[in-house]
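So Swiss-Prot lists these for the protein:
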REGION    1-373  region 'Putative threonine-phosphate decarboxylase'
BINDING   6, 7, 30, 159, 323, 337  O-phospho-L-threonine binding site
MOD_RES   214  N6-(pyridoxal phosphate)lysine
REGION    374-863  region 'Cobyric acid synthase'
DOMAIN    622-810  domain 'GATase cobBQ-type'
ACT_SITE  704  active site, nucleophile
ACT_SITE  802  active site
């Protein structure tokens with residue numbers, strides 16, 4: 001039986017396991033489980049142009065950096081293609097009479113010694129002493145050969161035991177036997193929390209070896225360093241080929257020297273993870289663990305199970321690789337070594353051990369995460385919300401209990417649940433797609449911009465307060481805890497969760513306190529689908545660019561890509577698809593076409609502000625409906641149902657010049673009524689609206705904030721919206737509004753008195769409005785509370801009800817009144833059903849046909 005000399009050979013391991021190398025969970029190689037530094041990928045890209053030149057054979061820049069950092073003279077530094085290359089040269093340079101090693105130890109020492117064919121004496125580290133070196137045993141050997149030069153190899157910490165040396169005792173023996181040369185291998189020293197390197201105490205007869213391979217998690221890059229006397233370094237260098245270290249490796253090492261935070265963070269995380277791993281392993285009575293100061297643990301199997309059979313079962317059945325230590329001199333045949341990995345990975349090996357030895361899988365204390373898929377985007381407005389709704393509807397159609405989730409939503413279009421709690425409008429639509437009721441747990445944090453700097457923060461459906469970016473950024477850790485609670489609670493009740501990210505996944509300036517994109521995906525253990533909107537242009541560049549800003553752990557979460565809103569022949573995308581799949585090793589999971597007349601409300605104001613929703617076609621025989629755009633518009637989706645009508649054209653107007661004489665003018669809701677009313681005064685629209693009220697042709701409608709603007713005065717005694725305190729309204733309705741501290745949030749069912757039809761919607765406002773003159777009550781809820789007023793003519797009216805036009809019967813009766821006033825025949829019958837169910841089914845049909853649903857289902861464990 002030939003055992004590998006080293007761990008980490010994934011190619012060989014995967015052959016034995018019959019799987020892809022990426023499927024192997026490798027505990028056999030002692031590599032930093034945090035992965036390489038976040039700066040590595042972009043840094044490598046910046047250095048690619050250096051590959052057209054040979055490296056500096058003296059590695060001057062790197063050696064100067066080492067000298068600046070550690071005070072080591074450049075003549076005392078040799079760089080190697082990994083620490084192993086340097087170790088192999090040492091016996092030839094030292095020319096000792098014999099070698100002395102403490103076993104068990106790294107097999108590379110013996111390999112190097114054997115090349116020179118000098119005698120090798122082994123001092124056995126005793127199991128009963130936890131494999132800690134007894135320095136006197138070394139001393140006895142050295143004393144027994146006073147006229148001979150010894151080459152002593154010692155690991156600090158030692159591999160595979162993880163035990164460090166007693167620095168004081170070692171320095172004594174180094175001084176005592178100055179004719180001998182002591183090699184201190186510190187390849188794992190960076191993992192020791194109580195690091196006590198020999199670097200500052202190095203003597204003339206000492207050679208210090210360090211490796212950046214392990215701590216940087218870059219075993220494929222190869223970089224090692226030797227610190228020794230100028231003579232030894234010179235002689236080692238002469239044995240090495242010119243340019244033995246490539247320029248990329250040298251540049252990475254030079255960069256890493258300055259990144260103390262990465263190394264310290266690695267130490268602290270590994271310390272915590274190792275303690276938990278040791279605790280869990282200690283609860284398995286068939287294992288005996290040995291104390292380790294490194295990032296790996298030596299384990300003795302107390303059961304009679306054959307070690308080879310055990311390692312093979314772990315590999316083949318569980319795809320877990322561990323280091324079989326049978327070929328370590330100084331160890332019996334029942335030892336293995338495992339690396340410390342992430343908590344999730346460590347739990348897998350605990351479960352595997354438990355299952356192998358007990359015959360039953362140990363039950364986890366924490367519940368397994370509910371399967372989830374997350375849509376993230378290359379930018380805002382790429383279709384994340386709609387695709388989330390589509391997948392919710394597809395899963396629901398297939399009988400799977402599914403719910404949507406978005407940890408944090410910044411939008412002006414909110415929705416009020418039946419319990420009077422506020423969430424993003426998009427999550428309400430997604431809930432409908434999933435055929436469930438909207439729930440605040442689907443959107444625990446809602447941010448509603450109130451001015452250029454501040455947003456109202458709504459936590460679990462209730463307003464908290466207004467915060468600027470800095471204040472909210474500091475609050476985010478607390479907010480994320482609320483997010484986790486909501487997610488866990490929601491996920492416990494459903495079979496699948498479909499998560500929506502926010503904005504772009506590539507916002508490197510926002511990643512530190514991210515709670516809505518990759519950090520959320522990591523918490524939920526969600527596979528990420530990255531969405532790009534081909535309508536934006538530069539699709540493949542945006543997909544590739546986004547991937548390049550992601551750290552390695554973030555990239556691993558990305559399952560594949562979706563091309564959205566495509567128009568044209570798919571064959572035109574073939575070259576780009578091949579390029580992106582080859583470059584990223586991630587699949588394109590579908591090409592979703594541009595779907596015309598989808599008739600679903602937009603999530604936020606991006607599409608609205610872009611002008612894409614502005615109908616500038618010829619009016620012909622249609623009614624001309626104008627929505628006044630204001631800087632802090634909210635719930636502009638109130639007009640979506642009107643936009644669907646065949647006899648209506650909806651225009652978005654921002655200036656007096658574009659207004660004209662519409663049949664209906666709508667003042668929308670506002671997140672800051674006083675500020676937006678000031679804006680209307682400033683651009684001259686107030687005077688124009690007042691003039692239209694006199695033409696006997698135009699209906700003027702105010703919804704929520706727009707309703708308040710139509711009145712005589714708006715009072716803000718608590719300075720909720722500004723320091724102005726009050727503002728005069730447009731004075732088209734004899735009403736006054738006082739902005740109260742508490743926000744009114746509730747679903748509404750009411751009767752429109754003039755048409756005697758039922759309407760429904762929701763209230764979201766701070767205001768309390770009352771009539772102060774000649775007005776008519778036009779809307780009453782089931783409690784006979786007044787929810788809207790008009791002037792005596794009925795042409796000027798307002799209401800607090802968002803979604804008032806969504807009911808088909810009311811919308812048609814209202815539009816027919818306008819038609820009759822214009823001398824047109826009423827259409828009487830409902831022309832279009834503003835039925836989101838039909839639209840959602842249509843959306844699901846397109847998306848099901850466009851995506852690789854079978855592959856997505858398999859990822860969710862549903863295939």
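Cβ from N, Cα, C; glycine included.
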I'm checking region-level scores; what's the whole-number mean pLDDT for the region 'Putative threonine-phosphate decarboxylase' (1-373)?
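Overall, the region 'Putative threonine-phosphate decarboxylase' (1-373) comes to a mean pLDDT of 93.
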Consider the recorded positions 159, 323, 337, 802 and say which one has the Cα lying nearest the Cα of residue 704 (active site, nucleophile).
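Out of the listed candidates, the nearest Cα belongs to 802.
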Provide the number of Cβ atoms within 10 Å of the Cβ of residue 323 (O-phospho-L-threonine binding site), excluding the reference atom itself.
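Within a 10 Å radius of the Cβ of residue 323 (O-phospho-L-threonine binding site) lie 28 other Cβ atoms.
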Quick one: Cα separation, residue 337 (O-phospho-L-threonine binding site) versus residue 214 (N6-(pyridoxal phosphate)lysine), in Å?
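That separation, Cα to Cα, works out to 16 Å.
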Only counting partners 6 or more residues apart, tell me which same-chain residues put their Cβ under 8 Å from the Cβ of the residue listed as 'active site'.
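Sequence-distant Cβ neighbours: 635, 638, 669, 703, 704, 761, 762, 763, 764.
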Please tell me which one of the binding-site residues listed here (30, 159, 323) sits closest to residue 214 (N6-(pyridoxal phosphate)lysine), measuring Cα to Cα?
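Among 30, 159, 323, 30.
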Same-chain residues six or more away whose CB lies under 8 A from the CB of residue 159 (O-phospho-L-threonine binding site)?
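Set apart from residue 159 (O-phospho-L-threonine binding site) by at least 6 residues yet with Cβ under 8 Å, we have 30, 105, 106, 185, 187, 188, 294, 296.
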Near the residue listed as 'N6-(pyridoxal phosphate)lysine', how many other Cβ atoms are within 10 Å of its Cβ?
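Result for the residue listed as 'N6-(pyridoxal phosphate)lysine': 24 other Cβ atoms within 10 Å.
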Neighbour count, 10 Å Cβ-Cβ cut-off, for the residue listed as 'active site, nucleophile': what number do you get?
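A 10 Å sphere around the Cβ of the residue listed as 'active site, nucleophile' contains 27 other Cβ atoms.
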DSSP on residue 802 (active site), three-state: which is it?
strand
With every protein chain in view, how many other Cβ atoms are within 10 Å of the Cβ of residue 337 (O-phospho-L-threonine binding site)?
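I get 25 for this one.
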